[in-house]
Amino acid sequence: MDEQITGGYSEPCGQCAAVDWGVSDEGQFFCKSCHNVIEKIREVEDVTSLHHKHGRISIVRKPKKKKHDSEREWLVCEGFQFILKHQAKALVSLGVCMKFETEVLWNFWKRYLQNTRQAFTENPVSTARFEVFMKSQSGSESDTQSHQSCYSEASSDTEMSVSGISVDGRSAVSSESLHSIPQKGRRGRVSNLMSMPRTLAMCYLALLWVREAITLTDLLRMVAEGHIPYLHLHETFPAEMRMFGKDVQIFRVLFFPSYAFIKKEALVLAKIMKLPSFPTISQDCLFHPVPLTVRYLLEANLPDALHVWVQKVITGAGMDSDSFLTFDPTDKKPHLLSYDVQAVAVIIVAMKLLFKLDDHVEWKLSHDAAKKKNNKVFSLERWFNIVQPVLEQARLKEEQEEARRQWNFANPFITNLKRKSLVLKKRRVTDHLQQRFQKFADPAPEQSTSTTNSHTSFRFSWGEEEGSDGPSMFNQNLDCTVKAKAVNGLANQRYWHPELRICPENKCVSHFSKFEPSLPRMFVWVLDLFSFILGVLQSDVYEEVLNVERRFLKKNYRLDSRLTSSHLKKKKGPIL
């Protein structure tokens, strides 16, 4: 029987050079001398065809892919543990204490794995019920793939994935990772599984626990500048952790997460890990608004004399108490403060107290300061003329660096073997065009300073030293703004603010875009300055300013005559 099928095939064996072929039960050709299996076409007649005398069906059966000795099945949580380890080492190299890496972050990670039942538990997350569900959705999948699809949450009606992309049961695991399955369920509920943004959220929680002087905006900026590994970090995985299929979506980074998103993820992680109350934020901690506002006064080139009024706002709003500042995940409604955004919001409220920022009073006070022979008097107009061009130049530089950022991977991800050649061809064409256009546009592009210079917490440098952005105004006084003979000590006797009505719970949205056209231009510019310094949206700073004003006015209206007027008038909202 074998001779009839192999009679027309006389090619020698590639292993032993013999011409003695047989056909296995699966239709594969094999050498009877050395038992070498080849990918030979077996031709059979198709009797159902109209031209069955000449019709033939070609059947090719490829041998199963052999697993290399260096490869092994690995868990997705192993990949995230590898990422957290590298991020922690980068933070320690930047000056963070060793306790952050060896004790706090490791304990957080262990609590996370235990509470999500991925490790350190006798009842792991892979349940028999979930495996049965996957088999019912894809009967053609092998038993091995069904057992691999176990990275799920123990919920009653959801199907989870680490990648955050919903897929059906038929597209189960096609990679070396055990846990590459959908993270969102049929009802779209977010699971407790780890993601790339959540690695940053966990690092931030650990930094907050050890009370390191690194705010969330500092962390995100270090990530964007490449000082903390985040982009293309999967390329440093060990050789045995080969990525393919759904693993691509898990570790793929297409953009940097926003401030608000990381803060939200930090709250979720704190709830998952069931963390106790964090260490107290006292005045000796740099997360406290008193020392933190000094930093941002230096950053914005504002006078140190303004800090006296900043402290009055902090005290008047009750924002210096330990209970208000300390993060406690055990509360019924835990609230994680935006310490950095809150600090600049306090500065803006203090500036409104002194200069009003209504496009009239601040310029009048600046003209009065210009008449003084003493150059140590702070003029807001001069401050604006110094800071504005520096801000525009820094913004342009940031846009250029963002345009140069390489989001593509050194080695393209292959999600489907059938598309491998197409993906590789597209990458070759893209790289070729990029090189050609780069030579045409800029023969010698400047290397980004963010990857060559050491990290600094300040965006601007003010002073008389070489390389500074402009003259410093930190030591100037506020003689034209603070009047000793005035009713409340301020040249500005009125305080304006937008509507302070609080939105209903769970329906709160930013109203900045709605009110921005009617707001004074100087106030909007100050919002823009501090939003650039922090790397957040103007709306984030605006909403935090409203929060500070609500607390400050609620506690001081008609109670503190030194900071409020005795009459309430209406002009652009309530006037104090």
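Just so you know, glycine gets a Cβ as well, placed from its N, Cα and C.
Keep in mind that what you see is a predicted model, and the values were worked out from it rather than measured.
Between the stretches 40-70, 412-442, Swiss-Prot puts its region 'B-reader' entry on 40-70. In Swiss-Prot, the annotation region 'Disordered' applies to 137-157, one of the ranges 137-157, 452-472. Least crowded of the binding-site residues (Cys13, Cys16, Cys31), judged by neighbouring Cβ atoms within 10 Å of its own Cβ: Cys16.
Around the Cβ of Cys34 (Zn(2+) binding site), a 10 Å sphere holds 13 further Cβ atoms from the protein chains shown. A coil conformation is recorded for Cys13 (Zn(2+) binding site) in the three-state DSSP classification, outside any helix or strand. Summarised as a single figure, the pLDDT of the region 'N-terminal cyclin fold' (74-246) averages 69. For the region 'C-terminal cyclin fold' (247-357), residue counts in helix, strand and coil come to 63 helix, 0 strand, 48 coil, using DSSP.
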